[in-house]
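The feature signal peptide is assigned by Swiss-Prot to 1-22. Among the features that Swiss-Prot reports, region 'Catalytic' is placed at 23-459. The feature active site, nucleophile is assigned by Swiss-Prot to Glu234. The active site, proton donor feature in Swiss-Prot is assigned to Glu239; the stated evidence is similarity to another entry. The N-linked glycosylation site annotation in Swiss-Prot covers Asn434, Asn458 and rests on sequence analysis. Sequence annotations record features per position, and here Swiss-Prot assigns region 'Ser/Thr-rich linker' to 460-505. Marked as domain 'CBM1' by Swiss-Prot: 505-540. The annotation disulfide bond is assigned in Swiss-Prot to Cys513-Cys529, Cys524-Cys539 on the grounds of similarity to another entry.
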Amino acid sequence: MVDSFSIYKTALLLSMLATSNAQQVGTYTAETHPSLTWQTCSGSGSCTTTSGSVVIDANWRWVHEVGGYTNCYSGNTWDSSICSTDTTCASECALEGATYESTYGVTTSGSSLRLNFVTTASQKNIGSRLYLLADDSTYETFKLFNREFTFDVDVSNLPCGLNGALYFVSMDADGGVSRFPTNKAGAKYGTGYCDSQCPRDLKFIDGQANIEGWEPSSTDVNAGTGNHGSCCPEMDIWEANSISSAFTAHPCDSVQQTMCTGDTCGGTYSDTTDRYSGTCDPDGCDFNPYRFGNTNFYGPGKTVDNSKPFTVVTQFITHDGTDTGTLTEIRRLYVQNGVVIGNGPSTYTAASGNSITESFCKAEKTLFGDTNVFETHGGLSAMGDALGDGMVLVLSLWDDHAADMLWLDSDYPTTSCASSPGVARGTCPTTTGNATYVEANYPNSYVTYSNIKFGTLNSTYSGTSSGGSSSSSTTLTTKASTSTTSSKTTTTTSKTSTTSSSSTNVAQLYGQCGGQGWTGPTTCASGTCTKQNDYYSQCL
């Protein structure tokens, strides 16, 4: 029989070994998360305010020697004199707390979050990536089936080459602590990032460092590429600047974050020939109105006038209108000056519509001549698996050292004729998105996200529908009141609205109901089927 003292010694030894190999936390700067309120809304039109907070990603943090001030990572290079392997760097290096405004240019006020592009303190910081927290050590997760996600945005100060991106990824809610016990930092310090590019520029993945095989970037003084990448599904709700915008679905083979190795990761960080070698779809099925020929829909002075703030609504429609149904459509609406604006439709007969559906994605890939990796990795069904499983909200501002953001706001690829379908994505010249140029010439750029709302369909916004006659317009009014529940203060908004039918034989409000080549429903559950052009009619 083993005596209790022997058991104690063994447990103590194992505990010491685990700690010695763990991803560490610094003690010099207290981690205080900036507060950010957001709302959950129901079909009755009532919205409850939640007092949340945001945390900056671990990749932006000071990484230093445990118990000292020597940098483990400086510029875009690891200090191999401190550690030289993924496991030893995890035990010898610590992630430090953040000073959000002075170091990273991140400020919050109520429901508003502002991200500055370039912030100069002791070092120059470029951009940022933050996550919404449920509590100090857990990311907020959203299950988006049969729901909508809404926010206000100001992109008027984002020129060519910048991307104010708000999106969802399938990160672990605790930042990876449960699955990878060597990760002692967790969500509190912004660990566990992943996306559909399987990024290899992360300093830590799965509780270990990424020093092995690390190659400093030749163009980015702050970044490099390691042997490992971090993969997971990604739903880009919003990627935009003052010129162009897009929303994109990126499915993966697994709904859970996974680590990959080398060029088998695929995506942006692998050789061009290996772009599609990974377990995720790096291209996705995207909708950029400009790319689909609708060049007057989004931009300064256009239908959605981005010289001033506006509201973005994204709806996730299931086949039977239930939370457990199959994802069939990802729909976009805008609200500006009290008017609800349906997404600008494609002008191409071969790929008609204004939302992401399985048939639209297939038609898009065929029309543009793109490799249909979306279908290879499960298409809208696989994207639905991730959305139903729960995803973490990311709010970011970044520039692009790999492709100069041309894929968003210019002609891309640059070797193709700009008049070919799908090549022109915006009006930016192909010479303007260079990251070094943007950082030097537009350091004062910023994006503001505010009034985040999540709820049942048609519960998070109000306004008068655009287009069509007055008989097809539905006026939505709001009336605010306050109430206190438990220890939280909640704001309840009452709203009269028209609720979409869940029938599969009719088009939903703001959905497509006709046009050349259209084979879907032609009757509206709400509103009137209104012709926008020969290829697109919409329920308004």
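Cβ coordinates come from backbone N, Cα and C, glycine included.
Recorded features from Swiss-Prot, shown on the structure.
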{"residue": "Glu234", "record": "active site, nucleophile", "Cβ neighbours (10 Å)": "26"}
{"residue": "Glu239", "record": "active site, proton donor", "Cβ neighbours (10 Å)": "23"}
{"residue": "Asn434", "record": "N-linked glycosylation site", "Cβ neighbours (10 Å)": "20"}
{"residue": "Asn458", "record": "N-linked glycosylation site", "Cβ neighbours (10 Å)": "26"}
{"residue": "Cys513", "record": "disulfide bond", "Cβ neighbours (10 Å)": "25"}
{"residue": "Cys524", "record": "disulfide bond", "Cβ neighbours (10 Å)": "24"}
{"residue": "Cys529", "record": "disulfide bond", "Cβ neighbours (10 Å)": "19"}
{"residue": "Cys539", "record": "disulfide bond", "Cβ neighbours (10 Å)": "27"}
Q: Fill in the CA-CA distance, Cys513 (disulfide bond) to Asn434 (N-linked glycosylation site), as an integer in Å.
A: 42
Q.
Tell me the Cα distance separating Asn458 (N-linked glycosylation site) from the residue listed as 'active site, nucleophile', rounded to the nearest angstrom.
A. 24
Q: Please state whether DSSP places Asn458 (N-linked glycosylation site) in a helix, a strand or coil.
A: coil
Q | Overall pLDDT for the region 'Ser/Thr-rich linker' (460-505), taken as the rounded mean | A | 43
Q | Listed recorded positions among Glu239, Asn434, Asn458 whose Cα sits within 10 Å of Cys524 (disulfide bond) | A | none
Q: Could you check which of these recorded positions, Glu239, Asn434, Asn458, Cys529, sit within 10 Å of Cys539 (disulfide bond), going Cα to Cα?
A: Cys529
